[in-house]
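Structure record follows, encoded as structure tokens.
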């Protein structure tokens, strides 16, 4: 069951980059490209995920962009509300700053910082209950792929979160991002055929979990570049991209947005 009628998303994950002056320049250059070559909001959802201390600054800079560009948090606390939790930022605090979108489950959070299933479920549930839209990341390692376990691993990651997501939240607040771990920041990319095959399996799994399965956007993340964006965008179940390094270059990021906006 294809998701080809879904409005695509392109989200730039800046990770722990860049310094403030470079971030300001990056946003201004991207805004200029949007002004010169406008892409309608209805053709593609666009977001950028800066470091947490830059969220409101970037959001303010984007207010006068020629189209809507969402500001996305890279992470959220597993603890809700407010309280004595040094270093944490809750979903409610993000919402209070008009940050309505968040990444949860990125492989770097899982692998480097120990975000396990229970932690991710808590983060996801808190964000959804606060009214945020969550881009939930799933993906397999190279070892898991080589052992023929890729589909099983990815589908299990989605099934793991099903108990904390309501039918209405699946419909309105969840985006899935498939990021093969072996392709992140390595320059390696799953072939469009391999990526589409996995996205089709994810779509099938989502349709078994929820009646909203055919309407959930599934993004590809794994060394997405301007050079491969058109091919990826042509795949029926690839509904956008979670872009890493290429989003730190305004021209490259714009070309990726353009590729997906023109594909559907």
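Cβ coordinates are placed from backbone N, Cα and C, and glycine is handled just like the others.
Sequence annotations record features per position, and here Swiss-Prot assigns substrate binding site to 13, 14, 15, 185, 223, 244, 245. A C-beta separation below 8 Å, combined with a sequence spacing of at least six in one chain, links residue 14 (substrate binding site) to 23, 48, 49, 50, 51, 74, 247, 248.
Cβ neighbour count for residue 106 (active site, electrophile): 28 (other Cβ atoms within 10 Å of its Cβ, all protein chains included). Secondary structure from DSSP puts residue 106 (active site, electrophile) in coil. Sequence annotations record features per position, and here Swiss-Prot assigns active site, electrophile to 106 based on sequence analysis.
Other Cβ atoms within 10 Å of the Cβ of residue 179 (active site, proton acceptor) number 26 in total over all chains. What Swiss-Prot records for 179 is active site, proton acceptor, and it gives sequence analysis as the kind of evidence.
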For the binding-site residues listed (244, 245), most other Cβ atoms within 10 Å of the Cβ sits at 244
Span of the recorded substrate site, as the biggest CA-CA distance among 13, 14, 15, 185, 223, 244, 245 in Å, is 14
Same-chain residues at least 6 apart in sequence with Cβ under 8 Å of the Cβ of residue 185 (substrate binding site), in sequence order, are 223, 244, 245
